[in-house]
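In Swiss-Prot this protein carries:
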{"type": "ACT_SITE", "residues": "Tyr120", "note": "active site, proton donor/acceptor"}
{"type": "MOD_RES", "residues": "Ser225", "note": "2,3-didehydroalanine (Ser)"}
{"type": "BINDING", "residues": "Asn285, Gln375, Arg381, Asn413, Lys484, Glu508, Asn511", "note": "(E)-cinnamate binding site"}
Amino acid sequence: MGLDNSKNTAKFFDLPKAVHGMNGTTPVNGFKATALSKASRTMTKTSALSQFLEAYRELEGYKNGRAIKVDGQTLSIAAVAAAARYNAAVELDESPLVKERVRKSQLAIANKVSTGASVYGLSTGFGGSADTRTDKPMLLGFALLQHQHVGILPTSTEPLDVLPLQDANNTSMPEAWIRGAILIRMNSLIRGHSGIRWELIEKMRELLAANVIPVVPLRGSISSSGDLSPLSYIAGTIIGNPSIKVYHGPSKSGIRQIGSSKDVLALHNIEPFPLESKEPLGILNGTAFSASVAALALNEAIHLVLLAQVCTAMGTEALIGTRASHAPFIHATARPHPGQVECAENIWNLLDGSKLAQLEEHEVRLEDDKYTLRQDRYPLRTSPQFLGPQIEDIISAFQTVTQECNYLPATDNPLIDGETGESHHGGNFQAMAVTNAMEKTRLALHHVGKLLFSQSTELVNPAMNRGLPPSVAATDPSLNYHAKGLDIATAAYVAEATPGPTHIQSAEMHNQAVNSLALISARATITSLEVLTSLIASYLYILCQALDLRALQREFLPGLDIIIREELRSSFGSFLSSEQMEKLQQNLTSAFEDHLDKTTTMDNTDRMTTMAATSSSVLLQFFTDSGASVPPSSCDLLSSVSSFQSSVATRSSVLMDDLRKEYIFGDRGPTPASQYIGKTRPVYQFIRTTIGVRKHGSENYNKFYNGLGVEDVTIGQNISRIYESIRDGKMQSIIVSLFD
């Protein structure tokens, strides 16, 4: 069975509609409901696509002015991202039930203090020092904050005398992480299990509203008894500790002002809030930083796993691949893992309408596809099987971290039952749930990167890319190595996006003998996200170039047919019939196209000359076997062959050169491949027009007449534009448009 692209518009299957479609709920033809297992049917509720679309819409609502409500149970990952990255408004649920729940918990603690009860963290020391006792809970709170303010931070904003080995600011966390942590800690405290006052939660909201954010050390948490040290800097800001630094004011050149928390609070008319009783411990004993960084990571990860499917669809088009690899029978019927089914369905639908991908598979005879690749290679053909498990792991992690932000009880110790007054000593601060979510997310990101790297390196390799030039060069390859550097860079990216594990060490007098390292794991996942984004941006850049080259090929081949027809008539028309001319043209066209596919490493003139020379064997075979009349003189025939070859070579070379020039310099418009692409078209057009990454090759075409960097920016600068569009969320709106 071979492949035929002659009926691209026909439906592959005419099956009943499936349980869900491109938006996660609407059926799409081809995926048969009766074929799905029970596990697969749950995908309608938990697909990566539906979660991505829901999160995107929610985030847009917050960006457009909707306030995030802190009520202890409805905080979403999108809400964390909105507060952390877009300074969205935050309001507390001030309903009587919620406020009473907090009040009862605080009263329970006050009663224990007044009666002299022994309660961990109020009358005892901490961790391995819990055998000490004191009746001074206020001073104990100061001692707690003091011993946790141990992080390394820049001591000055002035330039260093000696150039640092790394960014001097890389010892502190990004503000987004800290804002997210404040929000999540508020959401935990408002549940009323921590014995704190309502006014403390209000003060934390006030910090967010004023955008006064503590400078928090990047390192120092093992996320065992919560993220103790990072959270202590939030507590230090609340009380106005003059030694705690905070960000404040408008951003200048991307950097905000830094000042003493005491001075900045006064500048913003915010009263310091002295902490009482259990409140220092209530702030510190929690997983807020781990959950914040994890939530921000997953908000990006779920986008990237969908973008990977879009890249795979575009790669299928660029490599003239087949949609049949994603047929419903293979996935929804034969092996219905939910992630695999979702991935196959998405790619199947994205390829709809493509004039490059082969949309149908037909039976052909053995001799018709002899010596041709029978099927797509693994990076395309098995992409649903490879990406599917990653989708499932990211969905699972998404749900776990959402739960961590909400539905678990407070994550400090002890927990206070306001209804009974009981205190419960446990370990909800142990953030292993977040760690596991991040480990599986990071492993998933690595696998996504590995798949896309394999697709990318196949696309730039002339031995594998089905007739594209080496390194997707738009001009003569002897002086154009366009994507060769990218092939190396993407290898580096996928190597750096390693899922390397975290290593637990016993800590704090062996009291914390096991610890989750959740924040460390989440930080590593953020790094993996950044590296994977670099890889995806590079691949998208290569894909757009490859699609333009395919469009050029689609224009060149009809032009070549005209040249063959006209030169056959000129050289052999006097002694060949119309039928013979037609047959000969078919033979020559087949031979020339086969030659062009195998000679993409040659420069244009040499390539067309050797292509024309292959006509000798075709012509000899034709005149020997067809019984065609030939000129009485063999010299006349040889002269006709020579004239034909020379004219074909010259005209073909000129045609290719003209098309190259028109494509490179925009005479065909900024998006010449649009007419050939399926539903991935908006991504290609966004890159080419909205962010202005045009086809590469102008400097090479003009033989570097003006030097480097005059006619075009560097390859890396163009990829940086794509990278930034992914990181700042602009690409998300394009991906939504593909599926919504």
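Using the three backbone atoms N, Cα and C, a Cβ is placed for every residue, glycine included.
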Completion exercise
Gln375 ((E)-cinnamate binding site) and Tyr120 (active site, proton donor/acceptor), compared by Cα position, are separated in whole Å by 66
Exercise for the section: Enter the number of other CB atoms within 10 angstroms of the CB of the residue listed as 'active site, proton donor/acceptor'. Expected result: 17
Fill in the blank from the handout: Around the Cβ of Arg381 ((E)-cinnamate binding site), other Cβ atoms found within 10 Å total 18
Handout entry: Structural state of Gln375 ((E)-cinnamate binding site), classified by DSSP into three states
Key = coil
Handout entry: Among Asn285, Gln375, Asn413, which are binding-site residues, the residue with the most C-beta atoms within 10 angstroms of its C-beta
Key = Asn285
Practice task
Restricting to the same chain and to sequence separations of six or more, state which residues have a Cβ under 8 Å from that of Lys484 ((E)-cinnamate binding site).
Solution key: Val460, Pro470, Ser471
Handout entry: In three-state DSSP terms, the structure that Asn413 ((E)-cinnamate binding site) belongs to
Key = coil
Practice task
Report the nearest neighbour of Tyr120 (active site, proton donor/acceptor) in space among the binding-site residues Asn285, Arg381, Asn413, comparing Cα positions.
Solution key: Asn413
